[in-house]
């Protein structure tokens with residue numbers, strides 16, 4: 001089978017190209033060569049956090065891999081015979097659990113299996129695990145995919161130590177997703193957590209988010225407050241709007257010197273901003289859905305076309321040909337439809 005060749009510096013030019021490329025290699029059985037990996041970044045090449053996703057997909061598919069070392073700017077991935085497995089990913093730092101799952105979920109959807117990942121559950125520059133559980137999986141369930149994620153322990157920067165387990169059922173009935181504009185909001189949900197911190201931190205984050213959301217919408221607000229223990233302190237909040245179509249989300253992380261009230265308001269404001277265009281899909285979910293839309297079909301309207309989304313469309317089309325139509329400019333609301 002001929003090898004797919006991907007320029008890793010294209011578009012957003014980050015780790016997402018790697019995650020999507022290797023996941024699609026597993027799904028399609030096509031080997032892939034990725035060059036110029038993170039070429040435009042201050043520290044080019046593979047970083048430790050990228051290795052975890054690649055090695056998890058290697059294990060899932062029995063692949064042969066060349067160039068899988070930190071600093072490498074070229075990776076070759078030759079998928080083997082994929083079968084359902086229990087995948088363990090021990091990230092010894094606060095490396096993102098959810099970025100590993102962004103690589104693992106699309107591939108596992110076609111195979112089934114279970115996973116156990118340690119690392120950072122709520123860390124900068126990646127979706128919080130509660131967003132993945134309550135927003136991403138909610139959308140994937142509408143597409144016929146059944147998956148579960150359970151948080152056993154939180155992990156924050158810099159110590160990590162979080163533990164997430166879950167399973168994915170083989171995706172047998174693929175349902176096209178048509179998610180254009182929402183008409184009404186049924187409720188706001190959320191989870192405010194504080195780890196190795198006083199209980200009032202979670203309460204104050206939740207209270208500030210409730211107050212902010214209620215200024216704009218008169219609907220029920222259910223934000224759960226969670227207090228837990230782990231290797232190090234940290235806090236955060238994820239809020240979502242459950243609409244008549246999908247859920248849209250917003251989130252924020254606490255940090256030393258940042259008042260809990262500011263954290264709660266930040267998450268609420270991010271969600272409120274996503275709601276202004278009435279698009280059914282928020283800007284974070286849009287790019288996550290692209291690999292699944294490729295196989296299920298459908299059309300979505302996103303609150304914002306992002307570089308991540310455009311890049312993910314490009315990567316998918318290197319494997320499957322021209323199947324997407326993207327309408328709208330980066331930074332603006334827009335539509336993504338499957339035409340192939």
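Here the Cβ of each residue, glycine as well, is placed from N, Cα and C on the backbone.
According to Swiss-Prot, the feature active site, tele-AMP-histidine intermediate maps to 308, an assignment based on sequence analysis. Counting Cβ atoms from all protein chains shown, residue 308 (active site, tele-AMP-histidine intermediate) has 21 others lying within 10 Å of its own Cβ.
Annotation for residue 102 (ATP binding site): same-chain Cβ neighbours under 8 Å, separated by at least 6 residues, are 16, 19, 53, 127, 288. Positions annotated as ATP binding site by Swiss-Prot: 102, 284, 285, 286, 287, 288.
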Residues near the ATP site, 102, 284, 285, 286, 287, 288 excluded, by Cβ within 8 Å of the Cβ center?
127, 136, 283, 289, 290, 308, 309
